[in-house]
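For reference, the structure is listed below as structure tokens.
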Amino acid sequence: MSFIAAALDGQIAKLAALADNPVIPYKDAVVYLTAIQTWFELYLMRRQIPMYSISFPPPELKDHLPKETFDKAQAYGRDKLYFAFARTLFDWGLSFGLIKSGTYAWAWDATARWMDALGLEQSRVITHSLMWITTLTLISAIPGFGWSYYSNFVLEEKHGFNKSTVKLWVMDTIKSTVLMAAIGLPFLAAFLKIIELAGKNFVPWLMLFMIVFQLTLQLVFPIFIQPLFNKFTPVAPGEVRDRVEKLATKLGFPLKHLYVIDGSKRSSHSNAYFYGLPWSKQIVLYDTLLDKSSPAEVEAVLAHELGHWHFSHPTWLMLIAQSHLFFTLVVFSIFIHNQTLFKAFGFDPLLAVSSPQGGPQPIVIGFILYQLLFEPLDTFVKFYMNSTTRKYEYQADEFAARLGLQKDLSSALIKLHVDNLSSPHNDSLYSMYHHSHPTLPERLRAMDEYKGSKWLSPKVENKELKKE
Ligand SMILES: [Zn+2]
């Protein structure tokens, strides 16, 4: 093991030396990469726009989408796309402005002065880092509040989805901002402290910390955090409860509690999900789903969700995310002391190796600059992640179809699609980039194929047969 670590160390040192070359224009690279990414996203939207001018539904939906609903869905989709277009342009302008104006270095110096004014020692590098991050986050988040307000109270309102009030929205915004600070700042402090203590071998320690942190958050979120926003009520005895419990027993799903939440308090979009430990799970249904679907349809939606559980999809997604994280951290260790990168953004290059005011090197600067540089490349990761989740959706649909619930799942999906006014027509490339789920016509078509006993993979079939 230590042999591998030593070899890796050598490679990282070599790459780090290569990357710290004064001729590399890092700031321009960030500007251009961000521009390319933005251009690509706008180009995709440009491809999607004509889809909203098509005046008839796709063949799979023509019996289910009345003309009036179809027109509404088209209008909603078009408005949302224009909104996204404007926001993408705005965000690009903002990031361009922040980079060109030297805001990152300015905020570092400004927070140093504020520390002086507050009588805090300059050597308290982690405190300084947290103040810096908070300042930068606020600068970029404040316009976000405006966008969120417009989205809820103009766009969603216009199409009849908004059920929230301004008061509820303000409370939600305050609660989530406070929560983000309460969780994010200690997390960041620990993150930086671990790198500081572990030195150049920080990657495995940081991975361990991140995994423990994520697992804890997954456990804590539904129990302590989600109840701050929604009310959980056990589903009343009746047909829905009977069907769900029977399905869970049949599949060996360790169902502990079955809840309904008041999703309709904010929005009339509907959904269902499960969470919990491997041996004790909770299922949550949105009240909107219960209101609009028959008990058989709720069962079918749940069968789809339990398909995800059956194939361990959440675990696989987690593993993919961890590999991505590992890769990100290893590459970060190449850039952590890159003086050229620091200098390009107006920082004292000495900050890349030490702290001129005493105390340890401010690692956070390198991390944020590195993020700026590599974030545009996440476009590819997004393609990959979405293609994976789309594959999982097909498998979960197939799972439900195999349980004989295809008809109910189809009608439930159609209802959800109609109620959510999802876009009936989608440009394929736009869809590949943006959609974590296949579109409804794609899913219906695939389920029709399963009916002809052409299953996704023979492995799925065998695994299922053994169960029965
Ligand atoms: Zn799914």
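Note: Cβ is positioned from N, Cα and C throughout, glycine not excepted.
Please treat TrEMBL annotations as automatic predictions, because they have not gone through curation.
A quick note: this is a predicted structure, and the numbers were derived from the prediction, not measured.
These come from TrEMBL:
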type     : residues : note
DOMAIN   : 55-231   : domain 'CAAX prenyl protease 1 N-terminal'
TRANSMEM : 130-150  : transmembrane segment
TRANSMEM : 177-195  : transmembrane segment
TRANSMEM : 202-225  : transmembrane segment
DOMAIN   : 238-450  : domain 'Peptidase M48'
ACT_SITE : Glu305   : active site
TRANSMEM : 316-336  : transmembrane segment
ACT_SITE : Asp397   : active site, proton donor
Q: Would you pick out, from the active-site residues Glu305, Asp397, the residue whose Cβ has the largest number of other Cβ atoms within 10 Å?
A: Asp397
Q | Spatial neighbours of the transmembrane segment (202-225) far in sequence, C-beta under 8 Å, 6+ residues away | A | 179, 183, 187, 190-191, 194-195, 275-277, 282, 284, 318, 322, 325-326, 329-330, 333
Q: Could you give the residue numbers and ranges of same-chain residues that sit at least 6 residues beyond the transmembrane segment (177-195) on either side and whose C-beta is under 8 angstroms from one of its C-beta atoms?
A: 125-126, 129-130, 133-134, 202, 205-206, 209, 213, 217, 225, 228, 336, 363-364
Q: Report, in whole Å, the straight Cα-to-Cα distance of Asp397 (active site, proton donor) from Glu305 (active site).
A: 9
